[in-house]
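Shown next, in structure tokens, is the structure this report addresses.
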Amino acid sequence: AALREGYEHFDPRAYLRNNYLPPRADFSSEEFVVPWKLRCLAETFASGEIRGRTLIDVGSGPTIYQLLSACDHFEEIVATDYLAVNREELGRWARGEPGAFDWSPFIQHVCKIEGRGEPWQDKERRLRQRLRRILPIDVHRPEPLGAPLRPPADALLSAFCLEAVSPDRAAFVRALAHVGNLLRPGGHALLLGALGESFYLAGAARLPVVPLREPDVREALAAAGFALRELRSYAMPPALRTGVDDVDGVFFAHAQK
């Protein structure tokens with residue numbers, strides 16, 4: 001209940017300013033956090049192993065960067081978020097409305113690291129075409145979408161959601177198991193998340209986060225019925241510790257149900 005109340009004050013535009021504009025969204029070096037996240041996703045999807053009909057993005061927030069490499073490998077992408085303001089923000093971008101957040105530097109960077117010489121506008125168009133549904137979700141329910149996904153998703157992606165909406169580590173594990181219910185057996189799960197973070201700011205909202213370490217991520221995935229395939233971590237440099245959170249680093253996990 002306290003978490004829900006806090007999220008009533010969540011400001012998507014403030015969150016985007018804090019995390020997806022410079023200094024954090026600096027593409028001049030692979031040493032910065034946003035290029036690191038995009039490279040983790042690009043390299044993992046480049047294997048060609050993670051593909052299928054449907055990918056579900058759990059807790060998309062107001063962001064689409066996490067879907068840029070995924071959109072080449074799935075017929076349909078389903079974005080989800082608990083907050084109507086985030087779903088509205090995503091819808092504005094998907095419809096190409098004036099005033100939507102400008103993700104073009106992210107799209108250009110992903111096209112560059114994927115190295116296929118593709119015009120970035122083609123990737124933008126493809127993601128908009130394949131982002132067919134933006135649904136409400138509650139990861140604390142055994143059926144997060146209110147009903148089973150039919151057919152179950154071939155892959156699951158979640159970036160900076162579960163640790164930020166769980167009051168403690170046990171709730172984080174339960175939420176991970178709940179979203180696993182959306183995935184077919186053998187399906188892949190890709191997670192990006194915060195390490196050592198206890199809060200973050202989004203406008204007037206100061207939101208608690210479950211502080212995680214790498215062993216916590218490993219144990220949570222195993223407890224929720226996933227086999228870990230890969231775990232990478234990134235240490236947040238002093239220059240990117242801007243006061244909008246107290247994050248120590250970021251993890252990237254690839255697991256399989």
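Note that Cβ sites are derived from N, Cα and C of the backbone, with glycine treated the same way.
Going by TrEMBL, these are the annotated features:
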type    : residues                                                        : note
BINDING : Tyr15, Tyr20, Gly59, Ser60, Tyr65, Asp81, Asn86, Asp138, Val139 : S-adenosyl-L-methionine binding site
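Farthest C-alpha pair in the S-adenosyl-L-methionine-binding residues Tyr15, Tyr20, Gly59, Ser60, Tyr65, Asp81, Asn86, Asp138, Val139: 25 Å apart.
Sequence-distant neighbours of Tyr15 (S-adenosyl-L-methionine binding site) (same chain, 6+ apart, CB under 8 A from its CB) are Gly61, Pro62, Ala202, Gly203. Ranking the binding-site residues Gly59, Tyr65, Asn86, Val139 by other CB atoms within 10 A of the CB puts Tyr65 at the bottom.
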